[in-house]
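Asker: Quick one: structure below, then a few questions.
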């Protein structure tokens with residue numbers, strides 16, 4: 001919101017939430033009546049394109065959002081080297097409000113202006129008139145209205161809402177209070193109403209004009225420079241007719257310069273152009289290569305996880321993946337197609353985010369594979385090839401640490417990363433599976449006064465390390481089935497052998513589990529606390545039991561550019577396996593933590609606390 005919200009700040013349908021599209025019902029009902037009365041031929045082209053044009057605008061904007069986030073994460077041409085936080089994502093989640101308004105205004109105009117009906121598909125003279133009217137009255141009036149918005153009275157009540165985003169994303173362009181958008185649509189209506197009055201309007205002329213506005217708005221609010229220099233060299237006057245992302249970025253950082261809409265010549269005429277515009281454009285276009293200190297290598301989980309990536313839907317990525325919107329199931333065909341595309345054409349890991357902690361630069365790379373593919377025996381070799389390629393790429397770029405997330409460290413896949421350490425003994429990048437810190441988080445989640453726990457887990461480093469640590473403390477560890485019990489018993493020291501027991505009739509109320517089905521959960525006594533020891537959560541079916549999070553910790557407040565949730569974890573919470581890689585980089589630990597090698601859990605825990613990570617599950 002603005003610092004002092006004025007009248008008509010809120011959108012009329014704001015309280016409807018995700019059901020706001022119901023306001024377009026009159027258009028749908030009107031269309032249905034026309035079809036029922038006279039068939040599809042009874043629908044005028046101008047009316048028929050109202051809803052499809054809105055859908056195309058949404059797709060157009062989403063493409064810009066995803067492409068810009070991807071480029072911002074990997075590109076060297078970033079303009080403002082600062083992060084985006086959850087507050088900005090929440091403020092900008094209503095970017096489709098202006099599209100709904102656009103549809104309603106087109107519908108009202110169609111009803112009230114008889115000459116707006118039965119328009120031809122295209123008129124070249126109308127398109128030329130639209131371009132001239134935009135370059136003249138629209139750009140001129142917008143410039144002075146924009147300057148007025150920066151007067152403290154209007155700025156505090158309206159325009160400060162837009163300028164709350166110092167680091168802009170494409171969709172920042174349309175984040176304004178409702179009253180501002182009304183004025184903008186009055187301005188943009190000038191060319192359209194004028195061509196209707198002159199008799200040379202066309203349906204595609206309107207669609208192209210709105211598409212031009214969307215394109216320029218989105219392009220100008222990218223946080224990376226993408227306009228090539230040769231365009232201005234081939235046609236020098238273009239610098240007065242088209243702005244660039246760096247040009248408009250100065251308006252968001254300096255506030256009282258570069259007021260123009262899309263054509264900077266009014267800033268040149270009225271001497272409000274920032275003198276550093278050309279210099280920033282040159283430096284942003286040249287860019288600066290950045291090598292991350294740390295890479296976290298993850299992968300997609302279920303089909304919907306493609307939307308949950310930062311480069312997917314911003315509002316969905318800002319929430320835990322298990323709280324997806326109710327309408328997500330309608331997009332399953334798109335999710336399925338994206339999976340097939342990634343399977344066929346995904347030949348390497350791709351960058352999905354970049355974050356900072358003090359001077360430590362981190363990136364997250366995703367292997368273009370899904371959970372179910374990791375379970376296919378015939379896919380293991382190709383997945384290992386993708387992981388190996390990412391490791392060698394990181395090593396060549398001088399990355400210090402690469403942490404293996406989720407199934408990329410599965411023992412049956414590559415021995416927890418040991419396959420690559422053995423294959424490349426001179427590897428400079430340190431491979432980290434994070435088992436030491438994950439074990440520590442599990443141990444710290446167990447109540448200190450616990451006398452016995454039930455370990456329901458298959459053979460794993462964390463299960464073994466947790467069991468041995470508990471036995472060392474004198475806590476009885478009860479296990480089932482016998483196969484896992486026999487395996488741990490053979491490795492257990494004689495001094496703690498008496499504390500490892502095969503399950504009997506009585507079951508403890510603390511269960512350590514890596515995977516458990518509904519039937520097994522029902523066997524737990526009332527009031528049981530389930531503590532996961534794996535990276536993946538399991539289904540919660542007991543209302544009389546307590547379920548803790550998968551091993552994770554809250555991140556330090558100084559960590560920057562955190563505006564998405566890590567899978568199913570809450571905001572500003574990070575999995576222990578990922579944090580372990582950060583600790584290796586911060587502490588300068590030189591050992592690989594993969595295969596059977598494991599950092600001492602207490603050492604990892606102390607380092608995490610020292611660097612500002614906070615326990616999520618307190619004992």
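The backbone N, Cα and C atoms fix where each Cβ goes, glycine too.
Predicted automatically and left uncurated, TrEMBL annotations should be read as such.
Keep in mind the model is a prediction, meaning the values are calculated, not measured.
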Asker: What range among 34-56, 57-79 does TrEMBL describe as transmembrane segment?
Answerer: 34-56
Asker: Among 331-352, 353-374, 375-396, 397-418, find the range that TrEMBL records as transmembrane segment.
Answerer: 331-352
Asker: Kindly point out the range from 81-98, 99-116, 153-170 that TrEMBL annotates with transmembrane segment.
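Answerer: Among 81-98, 99-116, 153-170, the range TrEMBL annotates as transmembrane segment is 99-116.
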Asker: If I go by TrEMBL, the feature transmembrane segment sits on one of 128-145, 218-235. Which?
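Answerer: Going through 128-145, 218-235 one by one, TrEMBL flags 128-145 as transmembrane segment.
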Asker: With pairs fewer than 6 apart in sequence excluded, do the transmembrane segment (331-352) and the transmembrane segment (182-212) have three or more C-beta pairs that lie under 8 Å?
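Answerer: By the criterion, they do not touch.
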Asker: When you scan the chain for residues with a C-beta under 8 Å from the transmembrane segment (99-116), skipping those not six or more beyond its ends, what do you find?
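Answerer: Residues packing against the transmembrane segment (99-116) from afar: 11, 13, 20-21, 23-24, 26-27, 30, 44, 46-47, 50-51, 53-54, 57-58, 61, 181, 185, 189, 196-197, 199, 201, 206, 210.
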Asker: Any residues 6+ beyond the ends of the transmembrane segment (331-352) with a Cβ under 8 Å from its own?
Answerer: 70, 73-74, 297, 300, 303-304, 306-307, 309-311, 363-370, 373, 386-387, 389-390, 393
Asker: Could you pull out which residues elsewhere in the chain have a CB under 8 Å from any CB of the transmembrane segment (34-56), counting only those six or more residues past its ends?
Answerer: 24, 27-28, 99-100, 102-103, 106-107, 110, 116-119, 121, 203, 207, 210-211
